[in-house]
Amino acid sequence: MAGIIPRNAAEWAHAFANARSTDRIVVLGHPPRGSFCVKLGDCVTVKPDGSRRDDVHIQEEEWVAQVRALATSAFLSPLVKLCWFIRSRDLWLRQCSDTFTADYFNLAGENELFPIRHETITIGDTIHDIIAVEHFDPTTVSLRAFHDTTLYYRNDHYFERVNNSDFYKLPRDTVTLLCTGSECTFHGLYDPDEHKMRYCHDCATWFHIQCMEESDVESPTLPPYIRPLDPSDASPVSQEARDRWQALLRYPIQRGTHQISGVLSFEILVLRIRMQESTRGCPPDVNSFLIANMPLARHLAHYLDTYLTIFLNQPPNPSFYPCPTCDCYI
């Protein structure tokens, strides 16, 4: 089949198996951009022709996929194996095959992507562009700060098609429920656009603010202090820096902010502040510490000053809540 475009999945698989694996290819691209390099693991947009993915009906749409493998062939253009995503707007409740999947989808974020267990092989030149897509583990402190148009997905949450139909199922055993207290209002699920959650470092668990009772304590429970091996190595710290640092230690580990809608979170930065406090104490230059540890999405590195301002201008005197499963205040 030299020089002949494969006609079905079996022929594409055969062509890919007989090509040479690589970690990057150059695709032709589209005007005005022209050719560009695509690497293994990139997230890309594709304008399919309707034949490579059997749930594509509107060919003018740009579909999102992740590059899982690349290969070069002596007889064809560079080949790419793609794992597809469904945008939240593309999956309706009527396409969910069971109640759990429908409940999960009903609480999905506007810019959330759903990976599906469906891979196809095609010509690399069908790739339209490379885009930024973030991902995180909803059960851990892992969500980077990004803006309200960033696409994202949750690790290990794969949708499956039911018997090659138009219905999708999220396997229940692949989802770890959050907010494991006895009275979770949302059945352990999480809406990135609406829910505000707090993290307990002692339980390593996220809880909805709505599922806890507000307390009158004025600061969260911090990890225990671990004395440095050689205290003489510590640099002198000004009183101004200490006062500023103490204010930062009152920030909760929270997913979602009250002043900005959407999924914005500074959870990683707050956890790093607490780890610094427990191991080395206040840094001599607090601002330099914040700049070095601000966990921005990679495509937003040039907005560092903006996000640092947002972080430092959060409402003062936040409320704290008793953890539903331990004695910490979060």
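Cβ coordinates are placed from backbone N, Cα and C, and glycine is handled just like the others.
TrEMBL labels come from automatic prediction, so no person has curated them.
The following features are taken from TrEMBL:
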type	residues	note
DOMAIN	36-169	domain 'BAH'
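For the domain 'BAH' (36-169), residue counts in helix, strand and coil come to 17 helix, 59 strand, 58 coil, using DSSP. Across the residues of the domain 'BAH' (36-169), the predicted structure has a mean pLDDT of 86.
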